[in-house]
Every structure is written in C-alpha cells, then in structure tokens.
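A.B. asks: Here it is: the structure, laid out below.
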Amino acid sequence: MYSEKVMDHFTNPRNVGEIENPDGVGQVGNPSCGDIMKITLKIEDNVIKDIKFKTFGCGAAVATSSMVTEMAMGKTIDEALKISNKAVAEALDGLPPVKMHCSNLAADALKAAIEDYLKKQQA
Amino acid sequence: MRKVYFDHSATTPVDPAVAEEMMKYLTEHFGNPSSIHAFGREARKAVEHARQQVATAIGASHVGEIAFTSGGTEADNMAIRGVAYANRHKGNHIITTAAEHHAVLSTCKQLEKEGFAVTVLPLDQYGQVTAQQVADAITDKTILISVMHANNEIGTIMPIKEIGQVAKERKIIFHCDAVQSVGKIPVNVDELGVDLLTISGHKIYGPKGIGAMYIRKGTFWQPITYGGGQERRRRPGTENVAGIVGLGKAIELATERMQSEAERLTRYRDRLISEVMAKIPHTILTGHPTNRLPNHVSFCFRFIEGESMLLMLDMKGIAISSGSACTSGSLEPSHVLTAIGLPQEVAHGSLRLTMGKDNTEEDVEYFLEVLPPIIERLREMSPLSEGYNACAFGTCDAHAHDHGHDEFEDEF
C-alpha cells in the first residue's frame, strides 16, 4: 500500500517537534479527515534554518510532514513556497490515491508557516 | 519477532479440521449437488449434513429453515430486501439501528430510494438500543425490524431477546445480523425470538465466501435473485459445496468450544481493558464495559490517529484494526464510534483488538508491553496533545483518566 520511502519516513520521521519562539507557525488540517499538521520555522536571511513538525494523522500524513521538512530545510522562502503537495508525494515515490486529498497537506502547512512569518515581518 | 493476530472480527484462520473436511469436496466428491448420479448425491448429502449442523447450532426447528449464501453481506441483503419486497402491500417502514454493518445500512438506504421509509435508531454511549426504543418507533406501516446481535466495532451485545419479544407482540418480522455473535455467545433463534438470522463462515474458523440465512418457517419473504431451484429457490446458483461443508464443520466446532473459549477470552479481555485503562491516560473504552463479546476489546486513544497506531503495532508483529477513516479509505471515521457520541478527532484514534482460539496469555502480555510506548510516541508527535503532554504519560494527575466519555464535550 505504501512505498518504502513512505514507510521509512513514517518509521523514522525527520524533524519531529516544535521550535521554541518560532519565526513562523502554520497549522492546517481537517478533523473529519483526521489529519492536522503543524509546522514551526526558524528563518535567517530569508533562508529556512530550522523546521519542525507535529502531525496528528495517518502514516501518509506523518511521512509527508517529515518529507516536506527535509525538502524545505536550507531553502529560501521563495524556493520553499514553490514546494507543492504533488512534489512531496512524488518525493515519497507516490501515495495511494485515497490518501492524496487528505493526507498530503504538508506543503500547505509549510506555506501557512511562511505566510505567518511574512505577516509578522510586515507588522 | 513475535506474531500476534488480534483481528478475529475481521477474519479467522480456517481450522485445520475444517480444511480437512473441505478438501474432500474440492477434489474427491466434486459433484454438483443438483445432479442425480452418485457424484451429485455425495455432494448433496454433504450439503444437507452441513445444513443440519447449522440448524442445530442455532436451535432452528426445521433444517429447511437454513439457506446457504455467499456470506454475511448477501444474507443481510436477502433478509432485508426479501422481507421488504414481499410485504410491500402491508407497509413500507423498516426499523434498524445506527450500530448496523454497512450490509444492513446500505441495503436500507437503497430501499429508501425505492420508496421505503427507514428509521435508524440512535445508540446510547455504550452502543445499545433498548426494546422500548424499538417499540416506540413502530408504526402501522412497519414491516421489518433489523438489529444486530453483537457489534463488530465495539463488541456491544444488543438486547435481542427483549426486542424479539416486542416484534412478536406487534407481529413484525425480526431480522438479526449475528455474524459476530455466532460461535462466541449462545445464539438460539427461538430464545431470541428472531425470524431471520445472518451467519458468516469466516468469522468462526470457516472459509471466506460462505454464509447462511436462517428464515423461520412461515415468514413472508421472497427471493431477490432468480435462476435455478437451489436452496428451495431462495438462493439459486450451484452450491459452494466445499464452503458449505466448511461452514457446517466450523459452526459445530465453534459451538462445542464456545463456553470454555468464552471463559478464557473473557479473562484476557478484562485484563486488557483494566490494564490499558490504568496505564494509558486519556483512553476511552468503547462499547459496553461488561455486556460485550468475550473476545472483544476496543478503545479510543485521544490525540492520535488509528492508522498510525495500526502500522506501528504491525511493525511489532501485532495485527489489530481501527475504525479510523484512513484505514477504511473513506473520509469519515467509523459510523458506530460517532453514533455513540465520540467527536471525530477522538473516533479517529480507535483500536479494535479481537482475540481468538490461538491467542495466549503471552500474547496479552506482549501487547500490554508494546502498546504504551507506541501511544506515547504518537502523542509526542501530535499537535492535539499540546497542553496534555505533561500528564499524558502518567507523570502528573492534573487531568483525570477517562473511564467513559462524559467529559468529551467540554474538551473538544
């Protein structure tokens, strides 16, 4: 059902946790679907220096959260904003079709965290 | 790694004695039971012997009251649709419950599209309906009551005898889906007062793809499929002889073992419930605390999602089920868990553990050792457990442990 990469990220999720005093926080999800993802960021000179996630969700939700943190780490804000849910799913060698619409929200959480950071910058 | 199968409500392994019986009817006695030659007669004899075994196991007065089907789903469809169509001239109202299997609920939904009216009775927090609820729902158009004996997801046993009494007094046909209860607790069609009853083979160490419908003599019912004259024209099609033989042997063995197995598994069940509730805070026992199947344990663990739990237990060699939406491929968590009043977030964190004849005390020990760190790890990862972490693993007592779910509404 799940690819080896999905199972690898589910079994050994990268960057689990929460950054203290984060520069940006993003949380997305749908309780009826059973997936809520929260991403916290540390940004220096427009670059994501640290990123952590917390996820309530299925195996695919944990794996996509873990993968998006790996993909975003060290990227500029503009580069990170270009990471799509589809790209995250592809990086995991695909997800079962039934998981695509509800478990692949990780890039949305990343985007929400970056937008939170940008909003704080403007304020 | 130790392998523990705790998913017997999903399916059971075929008992070696059942497989041995079946094998003869796959190879040696392969005749069509409708053929009149010796090959056919041999197969017919086996089918009728199995029919007797099933009738005896459920206390049916007449062996002809048993019709073999392809499984529980087909039997549920046959029972409900058959009664609905045959009694349409008397009324169009069907009463069922929110606890039912989709084989019942989806069939009723389809009948609604065909002009029938369906009342789905709500459940209490333990997943039960009362006979009074059933009585109150009856109208002069009611033609059928369909209530399951024991629930597959939370293990709760329904008051079938009392409901059967209501049905009898009001002269309404009563169907009971007994797929999960046959072989685990006593099922006697006369004592329960049911007119139609559903049985499945693979839940009692028989093969998949075989089931049976009990239909009390004199019940006004009509077939829903047409073709040959098999099964007294109630279920046409060449009989699955080996499957039928397997079901007959399986139900006979299950009945013989029922009492001793129920006693043994009840001990395991009660220990699992008490230890998990004591060891893991923010846990809700789902289903009735005592009036439940002897082999059935089910919980919801707050702040985590069931599929993740299932995968982690699987990595430790333990097979369980969850009513999480993600395990069923739907968007909604189990309809039973939400019907007993659990918020969706909580229902997503469900675990169902169903034991069987090969499980041992060591399996119980292993599960109790493996589960807590998995729950702890998933909760650490969950944004929903924020604010609860300090006490989530028993290091403080700021939040009471849950032994029911009456506090839910406040917290979610």
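Each residue, glycine too, has its Cβ placed from N, Cα and C.
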A.B. asks: According to TrEMBL, B:GLY72, B:THR73, B:GLN180, B:SER200, B:GLY201, B:HIS202, B:THR238 bind pyridoxal 5'-phosphate; which of B:ASN92, B:ASN152, B:ASN291 is also listed for that site?
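C.D. replies: Candidate in the recorded pyridoxal 5'-phosphate site: B:ASN152.
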A.B. asks: If you count CB neighbours within 10 Å, which one among the binding-site residues B:ASN152, B:SER200, B:THR238 has the smallest count?
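C.D. replies: So among B:ASN152, B:SER200, B:THR238, the binding-site residues given, the one with the fewest Cβ atoms within 10 Å is B:THR238.
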A.B. asks: Of all the binding-site residues here, B:GLY72, B:GLY201, which one's CB has the most other CB atoms within 10 A?
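C.D. replies: Going through B:GLY72, B:GLY201 one by one, the largest Cβ count within 10 Å is at B:GLY201.
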A.B. asks: Helix, strand or coil at B:GLY72 (pyridoxal 5'-phosphate binding site), per DSSP?
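C.D. replies: Note: B:GLY72 (pyridoxal 5'-phosphate binding site) is helical by DSSP.
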A.B. asks: Which secondary structure state does DSSP assign to B:SER200 (pyridoxal 5'-phosphate binding site), in the simple three-class scheme?
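C.D. replies: Going by the DSSP assignment, B:SER200 (pyridoxal 5'-phosphate binding site) falls within a strand, counted as strand.
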A.B. asks: If you count the C-beta atoms lying within 10 Å of each candidate's C-beta, which of the binding-site residues B:THR73, B:GLN180 ends up with the smallest number?
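C.D. replies: Relative to the other binding-site residues in B:THR73, B:GLN180, B:THR73 has the fewest Cβ atoms within 10 Å.
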A.B. asks: List the residues of the same chain that sit at least 6 positions away from B:HIS202 (pyridoxal 5'-phosphate binding site) in sequence and have their Cβ under 8 Å from its Cβ, in sequence order, or write 'none'.
C.D. replies: B:THR11, B:THR12, B:VAL14, B:GLY71, B:LYS208, B:GLY209, B:ILE210
A.B. asks: Roughly how many Å lie between the Cα atoms of B:GLN180 (pyridoxal 5'-phosphate binding site) and B:LYS203 (N6-(pyridoxal phosphate)lysine), rounded to a whole value?
C.D. replies: 7
